[in-house]
Amino acid sequence: MSDWRHMLEDLKDIALSWDVPLERFNTFRLKGKVRCLAVPETVEALERLLDRLHRRAVPWVVLGRGSNVVIPSGTWERVLIVLDRCAGSLWWERADRDRIRVGAGAGLRLSRLLGVCARHGWSGLEGLVGIPATVGGAVVMNAGTPQGALADVLEEVRYLDVQGKRHRRRREDLKASYRDMGLPERCVVLEAVLTLKKDDPSCVQQRMRRTMKRRRAAQPLDLPSAGCIFKNPPDAPAGALIDRAGLKGYRIGGAQVSPVHANWIVNCGGATPEDVKALIGHVKATVRQRFGVDLEEEVRVLEP
């Protein structure tokens, strides 16, 4: 760690903290620490940071709200980069008579973007209401619901590569798929440009309320979780398979297959990363044995 301090301390416009608790950086509320937290103030500072980390072969990771991850146990030997200060902007302009172009920084909370859409009557993101993510995280995983995915309204993504160099990709150049926008590995999203339809604000707000009502009825929103754990196989929803396997309510330590929605694992209190990973493994093994289906994780299990 002393080497990392010496290597990073001269970088300007970056707030550095050491041995930082991770509980507030993951929606599972799992406990752990990260060796270094880096919060760049500007995109230029982020570029310098990525270049330095790349040249010195220091492992790093970007997290938004940590809504789709299982963190490692103990102290994570990484530099955790948070983008809310350097990439939290929001702008918009008229595209044509019926559409609006919206630029949203990667560090911006999705809920804030949706609040602006509701207020102005911009339609296209109503299905994403209630997803606890930043714009960057939502872009990388192509966040979505049966009502649609972020790729449906994406126009362009601006990002940095691992060396801190800037790039942009148009939507038509990306091979977006289920829970994957098709961006280059290890890129850092800076901004998403979206094309949304103009609508009556009351209609947009009504659709958002309906979406949240469905979520509250079908999902265990009162306990810490990472949302859906597994991607849906082609022939049956993952939750239905887990339910048919008799695993609703199954518990390992503080981690439980939700009695409300079988494709959710919740932290009932004091769950550890090992509890969650063990429960994921048990669910996969049971579903494979019962139905011959290999479930694929939607969450990212982060390596130590």
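Keep in mind that glycine also has a Cβ here, set from the backbone N, Cα and C atoms.
What TrEMBL lists as domain 'FAD-binding PCMH-type' is 30-199. Among the features that TrEMBL reports, active site is placed at ARG179, GLU298. The active site, proton donor annotation in TrEMBL covers CYS228.
Mean pLDDT, taken over the domain 'FAD-binding PCMH-type' (30-199), works out to 97 on the 0 to 100 scale. Look at CYS228 (active site, proton donor): DSSP puts it in a strand. Around ARG179 (active site), the same-chain residues six or more apart in sequence whose CB sits under 8 Å from its CB are MET141, ASN142, ALA143, GLY144, LYS231, GLU298, listed in sequence order. Cβ-based neighbour count (10 Å, all protein chains) for CYS228 (active site, proton donor) stands at 20.
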